[in-house]
Protein chains: 2
Amino acid sequence: MKTHTLLMPLDMHLHLRDGVMLENIAPLSAYSFSGAIIMPNLVPPVTTLDDVKKYKKRIMATVPNDYFEPYMTLFYKNYDKAFLESVVDNITAIKLYPDGATTNSDGGVSSFDIEEMRETLEAMSELDIPLCVHGETAGFVMDREAEFMSIYELLAKNFPNLKIIMEHITTKAAVDMLDKYDNLYATITVHHLLLTLDDVVGGMMMPHHFCKPIAKRPEDLDALLSVALEAHPKVMFGSDSAPHPKNKKESCGCAAGVFTAPIALQLLCEIFEQYDKLDNLQAFVSDNAQSIYGICPEFKEVVLEKRPFEVPASYSDVVPLYAGKEIGWAIQSVE
Amino acid sequence: MKTHTLLMPLDMHLHLRDGVMLENIAPLSAYSFSGAIIMPNLVPPVTTLDDVKKYKKRIMATVPNDYFEPYMTLFYKNYDKAFLESVVDNITAIKLYPDGATTNSDGGVSSFDIEEMRETLEAMSELDIPLCVHGETAGFVMDREAEFMSIYELLAKNFPNLKIIMEHITTKAAVDMLDKYDNLYATITVHHLLLTLDDVVGGMMMPHHFCKPIAKRPEDLDALLSVALEAHPKVMFGSDSAPHPKNKKESCGCAAGVFTAPIALQLLCEIFEQYDKLDNLQAFVSDNAQSIYGICPEFKEVVLEKRPFEVPASYSDVVPLYAGKEIGWAIQSVE
């Protein structure tokens, strides 16, 4: 049987939520990943050292028997340097949300006034704290990410020593930005390597394919595949796996988010094998992230095997991408 | 109180379905419209004289006390001239669906081979039977209508005496086609004068705004408004009101279709008044259609008044557009 081994897989963009949801889903990521960048958009968001420490403790309590590192983040506000110095050892990045751009992003940045942000972003540059950005304007849904490129340019030019991660990129416009500025990086989800808007509203309306940023055009998918499959050194895997209870997804006015954490590595094997690029997957799911973030995850070896695997209908009350469908790879062992 | 009177409103694109659904919803259109072009996409579709006569009889049975003319249509197939001569007095148009393009369109046209269609389309030209077309390719969801323009051109050029109605147009591309060929006309829905893709998937996922063709970009909406508000003489109102039971709309994999029939005139008054174009509404909802189709509907006078009106949460088990929301106009009387 064909197998493929991944070492220290990392999920550089993960939503673990809190409470019962956290307990239900954190073990799924902890099983197959060495670590993950943990999004801070709880309600209320993670904004203090105390928040960070307590949230990390709650996460670790759910995964007592796994080697799993939750790389903690703060929710972006204009923080002063003294505060950042006090938290730098407890966080790996700061996540910036435009106000209202997605789930639990209220209180995010409402205007990108560089001078107002300067103290924070210069301190982050000095302390080498990466800025992770949900890059969408409040414009027309298909244009939001492309319109945000000018803000990435503004940030990249004004803060050349700040590592800026364009999170969950979905467009050719974002791919084209990667090589324009040394300090711009990107994460890409697995669902954005599989879906276009056709899969959301092209046939029936598919709530489990609905996320923000929304899946875009075929040429955008092609651009994402091109840098992911080559494991472009500035690109990392970040699932943006975003669980919502089944009843919140399958009702009128469904919430945005695709849940992929427990099947992400399997799907990535399938995609990379399909394009004969399995050799590049290790860089995409771990090595690039280690270099960009300067992190050294605990050892974990995940062996995947090529065999039919039926995606569960749900994990607790969360419906994953491709629920009930057969995919081509499964996890054989984790050590 | 401000009022506005419409004479003989016509809905030039209406889905009445069959059975219990027909009984529940046909009276709603019959109340406020003088007549409507009735779509033939039943299961199985309306393809024979007998089908037409029986379906019309079933429709009329639901509206015994209203002046309402169901202008019947056939589902497009390649019909021979003798057949068309035998049905011409019982139909007003023939509706062409690309195979699988929308609800109940299986068995539609799978390739636009002009020579295979020539006998039918020439006979329709001679008998002055308009061809109503659902103009979407099987391409990317946002491009389907624009891609179909070359097929409209092919049809318009090859059959210059055939009246071709571009149904429920949603794009600037279609608006731009209107004046290129004398024999091209269009219907526009009320929801496509109100919604863009932002209203479908820009915030939450909104199944009651999901239809085919899907609502497009802001510049498309602007183009549609420009010809509708001017009551461009080649443009007619056609609601494409398409009822589905609430459970079919509000579940995973929801069906396409927006239900507007009972609130269409009210919403049109609101839109046209907002742009100070109420004087053009009569042409858009009736006069243009009478000229294009050469039909003389029974007299009906609908008086609308400007006052807050809360759209019902549902009509039987069908949820209308803007259910539970307040709109600015209501029907005062119908005579």
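Just so you know, glycine gets a Cβ as well, placed from its N, Cα and C.
Note that TrEMBL annotation is computational and uncurated.
Note that this is a predicted model, so its numbers are computed, not measured.
Zn(2+) 1 is bound by A:H13, A:H15, A:D240 in TrEMBL, and the record lists one more residue there from A:K95, A:K157, A:K163, which is A:K95.
Geometry remark: A:K95 (Zn(2+) 1 binding site) versus A:L16 (substrate binding site), CA distance 15 Å. Applying an 8 A CB threshold to same-chain residues 6+ apart, the list for A:L16 (substrate binding site) reads A:L22, A:I25, A:A26, A:S29, A:A36, A:I38, A:M39, A:I59, A:P70.
When secondary structure is read from DSSP and collapsed to three states, A:K95 (Zn(2+) 1 binding site) falls in the strand class.
The average per-residue pLDDT of the prediction over the domain 'Amidohydrolase-related' (A:11-251) is 96, rounded to a whole number. The Cβ neighbour count for A:A256 (substrate binding site), using a 10 Å radius and every protein chain shown, is 20.
The CA atom of A:H15 (Zn(2+) 1 binding site) is located 8 Å away from the CA atom of A:N41 (substrate binding site). The subset of recorded positions (A:H13, A:H168, A:D240) lying with their Cα within 10 Å of the Cα of A:H134 (substrate binding site) consists of A:H168, given in sequence order. Across the structure, A:R17 (substrate binding site) and A:D240 (active site) are spaced 12 Å apart at their Cα atoms. You'll find the Cα of A:H13 (Zn(2+) 1 binding site) roughly 5 Å from the Cα of A:D240 (active site).
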